[in-house]
Amino acid sequence: MASIQLLFLIFASLSCASATFIQNFDITWGDQRAKVVPGGDTVQLTLDKWSGSGFRSKQEFLFTRIDMKIKLVEGNSAGTVTTYYLSSQGPNHDEIDFEFLGNVTGEPYVMHTNVFSQGKGNREVQFYLWFDPTKAFHTYSIIWNPSQIIFLVDGIPVRVFENTEATTGVPFPKNQSMRLYASLWNADDWATRGGLVKTDWSLAPFTASFSGFKATNCKDPSSSPLLCNSIPVTSAATTSSVQAQSQSQPQPRAQLSANMYRRMRWVQRKYMVYNYCGDTKRFPQGLPPECGRRR
């Protein structure tokens, strides 16, 4: 009897522990390749030669802050792509992307960011990371409020995409609710050095882990200013100081503090490897109209 009671308690504790992930997400593909780790707050996605895996949120969001801790595929991850993004559905969908493009051992991951509005994307900004994203969990955040979209890594803003629809006519994601998606899949036709480096299937299965999901309502950013604007709005004096430091760089509408702005510019100067707003060969007729305001 005692052993039966012990087994029941173990089963009950595991069932309750798994409720955290199960309550928030559905595993959408990959069969048994997506596994909830005992404790309930972490899911591991795996990729083998036959399939990858993925999940999506049960809830839809319209203006939100999403925080997720991710540990990427270790070792030779060439050809693999780990994704984490918000997206609506349909041909005119909106989407806010983090994608992590794998690489051979010793070479850096490429962190790819993109924004789609009404079905149009092509707004890629890419970075190397300033740490090894495979050795420990790091927090990747999306702040999406009515004024802007902010991409953050471990609390550091790396990119700000503003809503300039009123002045440029460029649509901003504002009407379509989005779900959160995550996946691990094979993209060796393009992911690493344009597809020159293929996935080494002798190293499979590949594993990426997701944990610590948090969501905050940002329809009214003033209700959660520390979360929905990344950090507090600066004073007029601080704003003037930051603008004086970089006259050529327009400031986000919800101003970053001088310290956070400097940290973002540090990341962009040292680790940004591609910005569509600087690609004159791609846009010979002129850069997209939002490029005077968005980074």
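Cβ atoms here come from the backbone N, Cα and C positions, even for glycine.
For 1-19, the entry in TrEMBL reads signal peptide. The domain 'GH16' annotation in TrEMBL covers 15-210. If you look up TrEMBL, you'll see E95 marked as active site, nucleophile. Feature annotation from TrEMBL assigns active site, proton donor to E99. What TrEMBL lists as N-linked glycosylation site is N103.
Feature annotations (TrEMBL) mapped to structure.
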residue: E95; record: active site, nucleophile; Cβ contacts under 8 Å, 6 or more apart: Y85, L86, S87, S88, N114, V115, F116, G121, P173, M178
residue: E99; record: active site, proton donor; Cβ contacts under 8 Å, 6 or more apart: V81, T82, T83, Y84, Y85, M111, H112, T113, N114
residue: N103; record: N-linked glycosylation site; Cβ contacts under 8 Å, 6 or more apart: S77, A78, Y109, V110, T192, V197
